[in-house]
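Notes follow the structure.
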Amino acid sequence: MKVLLCLVCSFYIIVSSITTMTTGTPSMPAINRQTLYLAAYSSKLFSWNVGCVKTRHLSQEGDWVTRSLIYVFTFDKKPWETKADAFKVKWEPYSPLLRVQASDYVKYNLRAKPEYFIRTYDDDFLLLSDVKESRSPCSLWVTLKYVERIPETINRTFYANCPDPVTVPFDERCYP
């Protein structure tokens with residue numbers, strides 16, 4: 001009986017390691033080096049004078065990653081006025097929370113929160129929402145790979161989980 005149990009356990013370990021090797025764990029976009037673009041959000045998060053929002057990796061110190069938040073402010077002006085501010089993010093592997101340290105300016109003007117719930121992610125997208133509610137305002141961030149066309153599975157997840165969804169129209173001026 002013990003031999004059979006050991007064989008079953010060994011088989012399970014081998015199969016699970018093969019599965020992990022072939023599928024792998026996706027990397028968390030918020031802490032890797034890729035640029036992320038705001039692709040969609042809940043209408044409650046809309047700011048009429050903010051657009052072309054993206055975030056780039058700047059550095060890492062310990063568990064905290066510093067990213068820049070780059071956006072166009074006030075579309076009425078020509079040329080557009082680009083703003084940038086740094087913020088820090090921390091994610092512990094497999095945690096459902098993304099911790100954020102932002103400047104007072106970003107907290108007040110762009111309504112950044114200290115924590116976000118990670119609804120889902122993979123190497124090329126990240127769906128965040130407020131922590132408190134089950135159907136709370138969301139933001140969908142994607143890499144350049146998905147800027148023009150968001151895959152159907154991601155889109156369905158976004159529309160199912162986020163109230164009053166709004167997609168950001170593709171504007172090539174935003175993606176140099």
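Even glycines carry a Cβ here, placed using N, Cα and C.
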Among CYS52, CYS138, cysteine joined to CYS162 by disulfide in Swiss-Prot: CYS138
Candidate in CYS6, CYS174 joined to CYS52 through a disulfide, as Swiss-Prot lists it: CYS174
Conformational class of CYS138 (disulfide bond) under the three-state DSSP mapping: strand
Conformational class of CYS52 (disulfide bond) under the three-state DSSP mapping: strand
Around the Cβ of CYS138 (disulfide bond), the count of other Cβ atoms that are within 10 Å: 25
